[in-house]
Amino acid sequence: MTNPIPPHEKASILAEALPYIRRFAGCTLVIKYGGNAMTEPHLKEGFAKDIVLLKLVGINPVIVHGGGPQINEMLEKVGKVGEFVQGMRVTDAETMNIVEMVLGGHVNKEIVSLLNQHGGKAIGMTGRDSHFIRAKKLTVDTPEQKGVDIGQVGEIDSMDCTLINQLTQNGYIPVIAPIGVGENGEAFNINADLVAGRLAQELNAEKLVLMTNITGVMDKQGNLLTNLSPSKINALVEDGTLSGGMLPKISSALEAAQNGVKAVHIIDGRVPNVLLLEIFTDSGIGTMILGE
Ligand SMILES: Nc1ncnc2c1ncn2[C@@H]1O[C@H](COP(=O)(O)OP(=O)(O)O)[C@@H](O)[C@H]1O
Ligand SMILES: CC(=O)N[C@@H](CCC(=O)OP(=O)(O)O)C(=O)O
C-alpha cells in the first residue's frame, strides 16, 4: 500500500497551483484527447474531472478528441482493416461513414456525457456543425511517392471560431470531433492533432496539450526528449525516429508553436490527473515543443 500524503504536503501541493490559476484564468487551453489515451474507464473519468476543474477555476478548455483505435474496432466488425499512410487513415466512402459514426457519435457523446455528469456544461460538435471547419482533399507525400491519394481525408482550409468563442464565453466546454466539411457539403476525415493545432492558433490559445499513450517524444534509444526545437524535429523526422501517428502530431505541434501558441506539450494520458500536473505544478512533464 502507498503511504498517504501528510496534510502539510497536501496543502503545499494545493498552494503550488495558485500562481498557475492566476496566470491561466480567462485563457483558452486546447486539449487534444487521443483515442489511445481514452481506453481505461478510470482515466476517462479522471480526464472529465480535470477538465471540469479547469473550467471552474476560470480557464477555458476546448477539447478536440481522436478515436483512431475506436474506429479500427468498428472497421474490424464490418470486416475491414484500418490502413494508414504517414499516420493518416486511408478513408474510402464506407470508412468515412464509420469514422463519422464513431467520432461524431459514440466517442463524442461519451466525453460530453462524462463532463456533464461531473458538473460541466459540455457541447459536442463536428466541423460540419455550422460548417465551422472547412476542409479540402489532402494528398500525402511518402519517401517513395509524392501526392498519394488516400481518399476522403481532409486538410483544413479555414475555421470559423465564432460559435466556439460564444460557447466558451457562456460557460460551455466545446468537445470537437475532427471532421470537416468540403465545398459540396461532403465530410472529410481530418487527423485530430491537426484540428487541435489549428484551433489553438485560431483561438490564440495559451497552451496546446496533446494527450497520447506514450511518455512523450522518444529518441531511438527510448529516452524521453523533454524539449524539441524545429531543427531537432526535422532531424528526427529525417532519420526515421518519428513515425506513424507521431508524424502528424509533431507537425501540428510545431506549427502551433511557430504561430503564436505560447506552450505546446505532448504528454502521457495514461498517467492519472496528468493534465493537472502539467498545468498546475512546477514539474515538467512529457515533451515541450519550442517554436524557435
Ligand atoms: N519517436 C517517437 N516517440 C514517441 N512515440 C512515437 C515515436 N515514433 C512513433 N511513435 C508512435 O506514435 C504514437 C502516438 O501517436 P498516435 O498513435 O496517433 O496517438 P494518439 O491516438 O494519441 O494521437 C505512439 O504511441 C508511438 O507508437
Ligand atoms: C485522417 C486520419 O487519420 N484521421 C483520424 C481521425 C481520428 C484521430 O486522429 O484519432 P487519434 O487521435 O486517436 O489518432 C483517423 O481516422 O483515425
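Each residue, glycine too, has its Cβ placed from N, Cα and C.
Residues annotated as domain 'Aspartate/glutamate/uridylate kinase' in TrEMBL: 28-268.
In sequence order, Ile63, Val64, His65, Gly66, Ala192, Asp193, Val195, Ala196, Leu208, Val209, Leu210, Met211 make up the list of same-chain residues 6 or more apart from Lys32 (site 'Transition state stabilizer') whose Cβ falls under 8 Å from its Cβ. DSSP gives Lys32 (site 'Transition state stabilizer') a strand state. The site 'Transition state stabilizer' annotation in TrEMBL covers Lys32 (among others).
Look at TrEMBL and you will find Gly67, Gly68, Arg89, Asn189 tagged as substrate binding site. Residues within less than 8 Å, Cβ to Cβ, of Arg89 (substrate binding site) and separated from it by at least 6 positions along the same chain comprise Gly68, Ile71, Gly82, Glu83, Thr95, Val99, Ile150, Val153, Asn189.
For the recorded site, Lys249 (site 'Transition state stabilizer'), the DSSP three-state label reads helix. The site 'Transition state stabilizer' annotation in TrEMBL covers Lys249 (among others).
Around the Cβ of Lys249 (site 'Transition state stabilizer'), the number of neighbouring Cβ atoms within 10 Å comes to 26. Around Gly67 (substrate binding site), a 10 Å sphere centred on its CB holds 27 further CB atoms from the protein chains shown.
If you take every residue in the domain 'Aspartate/glutamate/uridylate kinase' (28-268) and average the pLDDT, you get 96.
Distance between Cα atoms for Gly67 (substrate binding site) and Lys249 (site 'Transition state stabilizer'): 14 Å, as a whole number.
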